[in-house]
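Down below is the structure, laid out as structure tokens.
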Amino acid sequence: MAARGVIAPVGESLRYAEYLQPSAKRPDADVDQQGLVRSLIAVGLGVAAFAFAGRYAFRIWKPLEQVITETAKKISTPSLSSYYKGGFEKKMSRREAGLILGVSPSAGKAKIRTAHRRVMILNHPDKGGSPYVAAKINEAKDLLETTTKH
């Protein structure tokens, strides 16, 4: 072991670095400090860039928030209003049958059959449609055809 105040050989200085005198410098100490300084500068620049980006985002967010909400209101209102919002009634009425097939309740038999064919092609159970919805479509067609005079 190296005694206090005595500089040990090179191999021993690495093993017992804590016993070196405070004034004695290791040859690789400058390289470590330069790397540490560079790392600290890089971290500082990264934090500054992040802060500027956050500041810019907060400034631009208020006007964008208003534009986004207005656009969402414009998109959702007209495009979704044409769809019927609600389930099926217990006993089907002519109005509901017309809504299901997409025709007027007073439409003729030819128009009802055409609408039924078009809707059933889209909702047929063999093509992945729901059997319940297909039954309601058929029920709507039967109801409208039995009450139509033409």
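In case you wondered, yes, glycine gets a Cβ from its N, Cα and C as well.
What Swiss-Prot lists as topological domain 'Mitochondrial intermembrane' is 1-34.
Sequence annotations record features per position, and here Swiss-Prot assigns transmembrane segment to 35-57 based on sequence analysis.
Under the heading topological domain 'Mitochondrial matrix', Swiss-Prot lists 58-150.
The domain 'J' feature in Swiss-Prot is assigned to 96-150. Here the domain 'J' (96-150) has a mean pLDDT of 88 out of 100.
Taken from Swiss-Prot, the feature phosphoserine covers S104, and the record attributes it to similarity to another entry. The Cβ of S104 (phosphoserine) lies under 8 Å from the Cβ of G98, each on the same chain and at least six residues away in sequence.
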